[in-house]
Amino acid sequence: MQLLAPLSLCLGLWAGLDAAVIPAEEEKPSFWNNQAAAAIEASYNIQPRMSKAKNLILFLGDGFGIPTITATRILKGQKQGKLGPETPLALDAFPYVALSKGDAGGAAGTEAPWGCTYELHGVPARPTLALRHVSDHGKERWGWGNPLGGLCQAAPCPQPGASPSGTYAHVVNREWYADASMPTDARRQGCKDIAWQLVHNVILGGGRKYMTPEGTPDPEYPTYKSENGIRQDGTNLIDTWLKARTGARYVWNKAGMLAAAADPDVKYLMGLFEPADMKYNLVRDTTLDPSLSEMVEAAITILSRNPSGFYLFVEGGRIDHGHHDGAAHKALTEAVEFDWAIDRAGRLTDEAQTLTVVTADHSHVFSFGGYTLRGSSIFGVAPSRAADEKNYTSILYGNGPGYPVAGRLDVDDDIAGQYDYRQQAAVPLSSETHGGEDVAILAKGPMAHLFHGVQEQTYVAHVMAYAACIEPYASCRQRNPAPGTRATPLALLLPTLLLPLFH
């Protein structure tokens, strides 16, 4: 019996695998041989672009760990009517890949503001946001007046929120969206809230109520007092921002954004589409709220009017929110839209002039497995039952609100496929935690080959500054080189197969 049980289990597993959907052409060895040969040829033809980057784009997927990338690839393919794993993401075509450590200066699992500060300013700043850690004989001080230098102080970029605010704000608390959110002592010391520090050329996302005086009605929800402005200093930061710039426009809906992008006289754009967080992509009002990819297009259209080039920071912030909620459907559909935004940016920019980097601040304790059959829903149940004779989903969390306090339920595909379904977790927590493993860095464009191996998170900011020859790398080697060679995009040879959100 000790020999027969494993044998019967193995036979059962192989029987299940036979039921997977496999295209007929993949049954032939020539399919895999030709695919591998094409990939080798593509890799052989890649040449570094040894030239100065005119434009810099950083895509930060908040919580966009490697398991999430894999699951996103499957879901995006399935949403296009394909099996899933064989359909590449836009980021799969990036020729250079590295790993970034996620230790946050000693804590396994970087927090968003720390990771963003690492990647945008090039130095550790835990537990602050773009501020050096300040101590006075063991007593913490707010740290105002100790801002870090970095990439974003040398190039235009997009607004409040933990990761996006790392591009421009210097605060010690990620929750200081408006002065109403700050301690009295901090305000007395001269600290400024995140919204007050917003100064950049194109700002698209959520957060209207942090910008207007207390009691100001929201244009979209005028009868909801909870959505009114909350600033206690009486300042309308939207008006302040507009008055300081010629050719500036403020919009609060998609139609206004599209009109501004189409107007060649618009040089600066502030678009705030929700009072606080942007809605998840699948439940947003598509007539009023733009998608992330639509915001990317508008931002690039306007920023490209600067003949000197631009820096654009794009965050997929609600990937992180979905994971913390233990709801993989929310997280992964946001990640699919994030990849569509990457694709849109690639179509609108010249790779020879634009260094584009995709990375994450941290991962999550998110996993999927269970020998899921190819072609089955990424959200579905595994093909075999657990030891308790109940089904389990291929996606699970190490901890979070999905812990089955009353015992495991016998879930089915219909239940597991619901948008709000919380996958089961091993440890009960009100909010799922970040993961501590390395995250990926993917890059294309000038000097992208500098992303290789395993690096610190701080490395991201330094490479981007070096690629653009800005401080502290104004004397970069590639400033006046011979014309650079053009790398062959991997996707062309393989077989067919700003924009922050608050958190």
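Along the chain as shown, residues are numbered 1 onward.
The backbone N, Cα and C atoms fix where each Cβ goes, glycine too.
Here is what TrEMBL says about this protein:
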SIGNAL    1-19  signal peptide
BINDING   ASP62, ASP320, HIS324, ASP361, HIS362  Zn(2+) 2 binding site
BINDING   ASP62, SER163, GLU315  Mg(2+) binding site
BINDING   HIS434  Zn(2+) 1 binding site
Whole-number Å value for how far GLU315 (Mg(2+) binding site) lies from HIS324 (Zn(2+) 2 binding site) (Cα to Cα): 17
Around the Cβ of HIS362 (Zn(2+) 2 binding site), the count of other Cβ atoms that are within 10 Å: 29
Distance, HIS434 (Zn(2+) 1 binding site) to GLU315 (Mg(2+) binding site) (CA atoms, angstrom): 17
Between ASP320 (Zn(2+) 2 binding site) and the residue listed as 'Zn(2+) 1 binding site', the C-alpha gap once rounded to whole angstrom: 9
Distance from HIS434 (Zn(2+) 1 binding site) back to ASP361 (Zn(2+) 2 binding site), taken between C-alpha atoms, in Å: 10
Distance, HIS434 (Zn(2+) 1 binding site) to ASP62 (Zn(2+) 2 binding site) (CA atoms, angstrom): 10
Pairwise Cα distance for the residue listed as 'Zn(2+) 1 binding site'/HIS362 (Zn(2+) 2 binding site) [Å, integer]: 7
